[in-house]
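Pulled from Swiss-Prot, these are the features on record:
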- 127, 181: S-adenosyl-L-methionine binding site (BINDING)
């Protein structure tokens, strides 16, 4: 199972956002939506062997983790509004006190923090421009790739990854959009 974890540092944790203003009023939820699509979509199909996690850290009640399961997700279309609408529905459903709850088929919501989520995962790969070139790294297809939205991970978040022994891997020396990084990782992994 391939996993992607994206931290949305400003992505709101309330359902009271407009699907017409994902970059502004929703705290860059547009980035999260594009990352969902980059993770899961193929031409005319979904990647059933991929899970996507968005850690929403915006106001008013961070953290909230939303999980999309490629195997089980329904009602997802390849546009920004569709995954954002599913996130909105999950937030409307409410955040469970413990564990995770299925909000819509294949979309789950929980109160897990970045540290909680990362500490429960293995084979961590931190995508960072200063890492080892991805083409020289052995990939099994069972990695968890961690990246951030338009902001860098905080030193505290990086410390969590370091404590778990995450490999720092680079897609190149340039900075790319998060969703583009996910497409490149999927392409690179598919070729092996």
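Placed from the backbone N, Cα and C atoms, the Cβ positions cover glycine too.
Counting other C-beta atoms within 10 Å of each candidate's C-beta, the binding-site residues 127, 181 are led by 127. Mapped onto three states, the DSSP output places residue 181 (S-adenosyl-L-methionine binding site) in helix.
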